[in-house]
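Engineer: Let me begin by handing over the structure; questions about it come next.
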Amino acid sequence: MPEDAAVAGGETGALVLFSGGQDSATCLAWALDRFPHVETLGFDYGQRHRVELDRRAALRQGLTALDPAWGRRLGPDHTLALAALGEISDTALTRDSAIAFARDGLPNTFVPGRNLAFLTFAAALAYRRGLRHIVGGMCETDYSGYPDCRDDTIKALQVALNLGMERRFVLHTPLMWIDKAQTWALAETLGGRALVDLVVEESHTCYLGERGARHEWGYGCGTCPACDLRAKGFSRYLAARAE
């Protein structure tokens, strides 16, 4: 850790969970609009759609080009390897298997404990970097039913992390109560159509890691649950914008 990391971040610095997807890219813009120093963190857990991690550099570069102030605020990027999470997760996100729904209603893309692990490691890194604020793209409004995306889960984890690390971390989830259409609209509010275009072109959401097919909302297979949510949200966003 650089000696001046704590000084650069301090009590007002933020760490953004940054996968390279639409939600995390929007959250990064949200954080850059609010905090004077922002660092990013991605996780490699053997995910099938690892291509999303490869999009992070282009997104970071694009965001700094959109606003000089954002460029000054954007700090280092970090990547942590969590191979063990992939090894114990027999899911469609970590195995070459068809996406389906289980009897309990959860899709087999659910990786048990993923967000719990992500936020715990993020807090450990934030502790070392001297950053108080942790930003994630979890959402309870327009999601696949993942229990670790729920607001109650995040609030409970914030309490546990603060008790376990003797800190006063603040977990921010700016997308928690908005749907995908509103997420696109938030991007426009933060950075205009230029940010929307950046998210369309450079972010990746598709669970299958498909990067060959280009749609008006971005790249992906067009049929997996992630593509479906993104496509429908983009369509509703355009419709609302035209009113």
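Cβ coordinates are placed from backbone N, Cα and C, and glycine is handled just like the others.
If you look up Swiss-Prot, you'll see PHE18, SER19, GLY20, GLY21, GLN22, ASP23, SER24, ALA25, THR26, CYS27, LEU28 marked as ATP binding site. According to Swiss-Prot, the Zn(2+) binding site annotation covers CYS206, CYS221, CYS224, CYS227.
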Engineer: Rounded to an integer, what is the Cα-Cα distance in Å between LEU28 (ATP binding site) and CYS227 (Zn(2+) binding site)?
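Structural biologist: Here the two Cα atoms are 21 Å apart.
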Engineer: Using DSSP and collapsing to three states, where does LEU28 (ATP binding site) fall: helix, strand or coil?
Structural biologist: helix
Engineer: Using DSSP reduced to three states, classify GLN22 (ATP binding site) as helix, strand or coil.
Structural biologist: helix
Engineer: Other residues with Cβ within 8 Å of the Cβ centroid of PHE18, SER19, GLY20, GLY21, GLN22, ASP23, SER24, ALA25, THR26, CYS27, LEU28 at the ATP site?
Structural biologist: VAL16, LEU59, GLY137, SER203
Engineer: For Zn(2+), what surrounds CYS206, CYS221, CYS224, CYS227 with a Cβ no more than 8 Å from their Cβ centroid?
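Structural biologist: Residues close to the Zn(2+) site, other than CYS206, CYS221, CYS224, CYS227: THR205, TYR207, LEU208, GLU210, GLY220, GLY222, THR223, PRO225, ALA226, ASP228.
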Engineer: Sort CYS227 (Zn(2+) binding site) into helix, strand or coil using the DSSP assignment.
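Structural biologist: It is helical.
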Engineer: Which of the binding-site residues PHE18, GLY20, SER24 has its Cα closest in space to the Cα of CYS206 (Zn(2+) binding site)?
Structural biologist: GLY20
Engineer: In whole Å, how far does the CA atom of CYS227 (Zn(2+) binding site) lie from that of PHE18 (ATP binding site)?
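Structural biologist: Rounded to the nearest whole number, the Cα-Cα distance is 18 Å.
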Engineer: What's the number of neighbouring CB atoms sitting within 10 A of the CB on CYS227 (Zn(2+) binding site)?
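Structural biologist: Taking all protein chains shown, CYS227 (Zn(2+) binding site) has 22 Cβ neighbours within 10 Å.
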Engineer: Which site among CYS206, CYS224 has the most other CB atoms no more than 10 Å from its CB, taking these as binding-site residues?
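Structural biologist: Selected residue: CYS206.
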